[in-house]
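J.: Structure incoming, see below.
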């Protein structure tokens, strides 16, 4: 018996709802062998007739899970400016963590930049984004953050496990991390919350994207959860402009395609299909996304005109509200060199200060063997040369000279304190129209007095930790540490391109200002309500959306990668639900 038209529609709708239920619950397992082909951008044929439902710009922390999810139902083109993380030992192995940040080659996974504040920073240039060059710590955003941004908590709580079951593990806690755990608890940063991904006050051990062998799993692995028949990935594809249809009669400019260059400098274009819901989604990160919007003609009109960029839409807020969670570190000398560890333990204080730790260096023949940890001069943070001579090249020269120091100087680890939700903000502007070059970024660290007060609280918390029995046992003579001594060592060991003052160790406020560094948690530049709407669609144009950390007014959790990967999955599911719902007439 033939089904009625209504019955057919009902079963189609039922099938769609069942698929969405399975999708949102993350039931399927996708082995890494299901990765789509990773092709160089030069393989994209000139005048390619293919069109796409979605073009995702940036195969990073958000872009990979987003593209994978969208590809389950639609044709997706993912454009990544960097290369593959696979086969790159500087990305894949913890022991080479410092080498990856040291590498300043044009095709390296990390692209260094110096903020106008004088702090050297890095942005990812590799498939997998920041998950390929960070310290690996995995910790979710707080429940209050989820509520403040207006996300669907049920879908959030399905999207986090989708990421975790694929690339996250519990660490086998390193001795330095165990020492911090014990020191935090003895110093009153309680209770101990055990091993947990959740953001809760007290001390905890979080997850890691490094497995037990020290191998890094990244957001690129999440591409294996997509449909390889629907997902096209191009590497070394530098998108330099979003193409708009701005013909007269259109209500507002519509994004219809992109222009990009390949690894050989060849020029290409890719376009969306003519379907109403097709979109370009920018996931190029908090530096790359506002930069690309500006280069595409969306931003303050006077700034665009000064670079001879045709104005598509005047928006004075593009690139505004940039912030970076300021961090300061204390070097702790020990009797013997601690084993390498990155971030595994964190103390979450009620005052909005996080305490973490790192130690040691890799033991492979390739690894850096004289190193002051995550934030040292070996990755370019230097303060002893005149301002006009402060270049990355000068930092590298300093690094070579430092190799002659006795290795005993490097015996020890770092305790780090960083500020949650800094109130100090800055801006991003173009320096030229080459998307491969860094824009000028200002964060205005500690310009707000509350941030400075919290830094001082963090330093005093570290002082309490150093006075505990657990840390006294680690000192050279077993009697503990002089705070003045470790502050002096910390000033000399790092830090940035900011001139130092003679009272750095007498005034904790001055120490905070002079030794501020980054742990790469910058965000902002495309804030909700100013550049994008609540659904992250770019205001004033159509067919264009932003999904990455540039939409945040504060960085989520102690470390943002968990939430940014979750957001990629979350937004992918949400976009699919809405589009499939419209197609089914519901």
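A Cβ is built for glycine as well, from the same backbone N, Cα and C atoms used for every other residue.
Feature annotation from TrEMBL assigns FAD binding site to 80, 81, 126, 239, 520, 521, 549, 560, 561. Among the features that TrEMBL reports, disulfide bond is placed at 455-512. Positions annotated as domain 'Glucose-methanol-choline oxidoreductase N-terminal' by TrEMBL: 124-147, 285-299. Feature annotation from TrEMBL assigns signal peptide to 1-26.
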J.: Counting across all protein chains shown, how many other Cβ atoms sit within 10 Å of the Cβ of residue 512 (disulfide bond)?
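T.: So the Cβ neighbour count for residue 512 (disulfide bond) comes to 24.
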J.: Using the alpha carbons only, what distance in Å do you get between residue 80 (FAD binding site) and residue 455 (disulfide bond) once rounded?
T.: 36
J.: So which residues does the domain 'Glucose-methanol-choline oxidoreductase N-terminal' (124-147) touch in its own chain, when a touch means Cβ under 8 Å and the partner is 6 or more beyond its ends?
T.: 38, 58-64, 80-85, 88, 91, 94, 97, 100-101, 107-111, 153, 156, 160, 164, 168, 197-199, 204, 206-210, 216, 218-221, 233, 235, 285, 342-344, 346, 356, 358, 374, 519-520, 554, 556-566
J.: Hey, how far is residue 561 (FAD binding site) from residue 512 (disulfide bond), Cα to Cα, in Å?
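T.: Answer for this pair: 25 Å between alpha carbons.
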J.: Out of 126, 520, 549, point to the one nearest residue 512 (disulfide bond) in space (Cα versus Cα); all of them are binding-site residues in the record.
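T.: So, spelling it out, the nearest of the binding-site residues is 520.
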J.: Taking only the Cα atoms, work out how far residue 126 (FAD binding site) lies from residue 455 (disulfide bond), in Å, as a whole number.
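T.: So the Cα of residue 455 (disulfide bond) lies 33 Å away from that of residue 126 (FAD binding site).
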J.: Find the longest CA to CA distance in the recorded FAD-binding set 80, 81, 126, 239, 520, 521, 549, 560, 561; express it in Å as a whole number.
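T.: Largest pairwise Cα separation, rounded: 25 Å.
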J.: Taking just the CA atoms, what is the gap between residue 455 (disulfide bond) and residue 520 (FAD binding site) in Å?
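T.: Spelling it out, the Cα of residue 455 (disulfide bond) and the Cα of residue 520 (FAD binding site) are 17 Å apart.
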J.: Mean pLDDT for the domain 'Glucose-methanol-choline oxidoreductase N-terminal' (124-147), rounded to an integer?
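T.: Overall, the domain 'Glucose-methanol-choline oxidoreductase N-terminal' (124-147) comes to a mean pLDDT of 97.
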J.: Taking the Cβ of residue 126 (FAD binding site) as the centre, how many other Cβ atoms fall within a 10 Å radius?
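T.: Counting Cβ neighbours of residue 126 (FAD binding site) within 10 Å gives 29.
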J.: Quick check on the recorded positions: of 455, 520, 549, 561, whose CB has the lowest count of neighbouring CB atoms inside 10 Å?
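T.: Fewest other Cβ atoms within 10 Å, among the recorded positions 455, 520, 549, 561, is found for 520.
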